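Asks: Before I ask anything, here is the structure I am working with.
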Amino acid sequence: MIQLPEKRSPQSLTLMDRVEKLLTAAPVHLVVILLAVLWTLPTAGLLISSFRQPDVLLETGWWTVFTPPFNPGQFHLGNYADVLTGQGMGQAFLNSLIITIPATVMPIAIATFAAYALAWMRFPGRQLLFVVIVGLLVVPLQMTLIPVLRAYNTLGMSGTFLAVWLAHTGYGMPLGIYLLRNYIGTLPRDLIEAAAVDGASHLKIFTRIVVPLSTPAIASFAVFQFLWVWNDLLVALVYLGGNQNVAPVTLVLRNLVGDRGQDWHLLTAGAFISMIVPLLVFFALQRYFVRGLLAGSVKG
Amino acid sequence: MQESSNIIRLLSAIAAIVLGSGGVIALFYAANILVNRLPYQLRSRILPWVYMAPALAVLTAFLILPTIRTVIISFMDRRSEAWVGFDNYIFAFTNSDMLIAFRNNVLWLVLVTGISVSLGLVIAVLVDRVKYEPLAKALIFLPMAISFVGASVIWRFVYAYQPPGVEQIGLLNAIVVALGFEPIGWLVNKTVNNFALIAIMIWLQTGFAMVLLSSAVKGIPKDVIEAARIDGANEFQIFWRITIPMISSTIVVVSTTIIVLVLKVFDIVFVMTGGNLDTDVIASRMIKEMFNFRNFGRGSAIAVILLLAVIPVMVTNIRRFQQQEANR
């Protein structure tokens, strides 16, 4: 029963290790925290400002709210009320929903059917088709603005919701087919063949097997498309023209900047209204979104 | 009165959403019913095309045909009535505003891609060692969800300028003044305004680069790094000799994605400065030619130049995809 001196040494080693670890880790913590704060500060400033009285907003910086004496009276909801009713943000918010929901559902439906056909149906030219679609992924949509706008003008469609729904469906299609085909193509072959042997039609295999199993990919594409359409300015600007009745939040916000760039209380509240929905969607579905990013970009 | 019109608005919004979303799904069901009436042989040959048809239709209508049409219009005059040969392209490569736009775009490409990828990589490596990794990542990734317009408003506020002597309400000038300097007109001073705009894009894209690179960093086998440590490699050597080579393909993918995005960007410039004071980029010039000057020939030529700039990226994309297919 000899006390082994070694018994203590691992413990003291871990202590030494810990001190050393702390010392070497300190710069890491410093850099990470600094960057995280730096990245958050601009948005935090906007959020705080959007609740401040218009006159104080123009006189002092938003960070002064943290200096004593603390005065809760400087915060109010008036900016939001102003921008929602007076500046048409309320209607624009509704318009953004009307534009974004169908412009997300439509490409999902169309791209999923196409991805299924490309992955599990045999027909001539399907490889070539897919290569063309991959190529279209990077075409700048600026390339298409003038001809599509002219077609819309001839058809009398510019300034309508249908015009933007269809345009977003077209522009989102290459990414949708690409992401979904890659995913649907990796589903187990046995499963789909077994269903076919049992006499299930393609539509049945599609709705009962493929769609339920592809939920992660569909969700990630949905987040992509939703963020892209909600945040879009270019498509709305070009195809909706000056029609204020159908303008989404991005367009109204841009006009606020243009017309009255110094009305900070309207700008800050307006910007935050435009950010609420995408931020909620983003946080709720962040997992899928990240997975979708990875599926489309890192694979292979 | 006000109440009832609001309810009508809301109802018509719901109707529009249901109609727009349901319409497409109804289309597929209707087509499927029709196809099921055909004889079996014919059915299996037609069905793939029924599934593909809507996708092909929108791709053709919104991407393929308009692209071809834009190339044609780019060789015509402002109203697309007469052929002008390469005039629009000669204009695009000689006009002084366009040359500034090209210069700015190069600046955007180099700085946004370079800084957001390298910063994203540094964060990806560092964040791997802290316990609050998810929180730090979420905060840096968050701007991804913010629109360019929203981001522009956020940064207008950061860059806000008040004359010297007056209290600054913009964060950046408050810091500058606190350090004892004169406040700077970040958006009007021609030596800094382009960098001020580029900073916004870096703020938006770093999170994207970080997320992709972080998952690549986590994919590096632990024993490789352990072995290097045992051989006496320090952290910097591990970073340069192991981490970077092992995730090089992800670095390339992230860089090309950001390059394509930067080439197309116009919203930030359009909202922040309207392209004035030498801040235009190619894409914002195009919108100007189209809407302000109603010159469709020039606008189209600028769009074609954008496409030409993207083609190398497109080719590498297709190559990579074909390799990936071959390995399946």
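Please read every residue number as a count from 1 along the shown chain.
Backbone N, Cα and C define each Cβ position, glycine as well.
From TrEMBL, here are the annotated features:
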- B:102-317: domain 'ABC transmembrane type-1' (DOMAIN)
- B:7-29: transmembrane segment (TRANSMEM)
- B:49-72: transmembrane segment (TRANSMEM)
- B:106-127: transmembrane segment (TRANSMEM)
- B:139-159: transmembrane segment (TRANSMEM)
- B:171-189: transmembrane segment (TRANSMEM)
- B:195-217: transmembrane segment (TRANSMEM)
- B:238-263: transmembrane segment (TRANSMEM)
- B:296-318: transmembrane segment (TRANSMEM)
Asks: Would the transmembrane segment (B:238-263) and the transmembrane segment (B:106-127) count as touching if the test is at least 3 Cβ pairs under 8 Å, pairs 6 or more apart?
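Replies: Contact between the transmembrane segment (B:238-263) and the transmembrane segment (B:106-127): present.
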Asks: At an 8 Å Cβ cut-off, counting only pairs 6 or more apart in sequence, do the transmembrane segment (B:139-159) and the transmembrane segment (B:195-217) clear the bar of 3 or more pairs?
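Replies: In this chain the transmembrane segment (B:139-159) contacts the transmembrane segment (B:195-217) - 3 or more Cβ pairs sit under 8 Å.
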Asks: By a Cβ-Cβ criterion of under 8 Å, what residues six or more beyond either terminus of the transmembrane segment (B:106-127) are in contact with it?
Replies: 133, 136-137, 140, 194-195, 198, 201-202, 205-210, 212-214, 216-217, 239, 243-244, 251, 254-255, 258-259, 262-263, 265, 281
Asks: Taking residues 6+ outside the transmembrane segment (B:171-189), which of them lie with a CB under 8 Å of any CB in it?
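Replies: Sequence-distant neighbours of the transmembrane segment (B:171-189): 156-164, 196-197, 272-273, 277.
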Asks: Report, as numbers and ranges, which residues of the same chain sit near the transmembrane segment (B:7-29): CB under 8 Å and 6 or more residues beyond its ends.
Replies: 51, 54
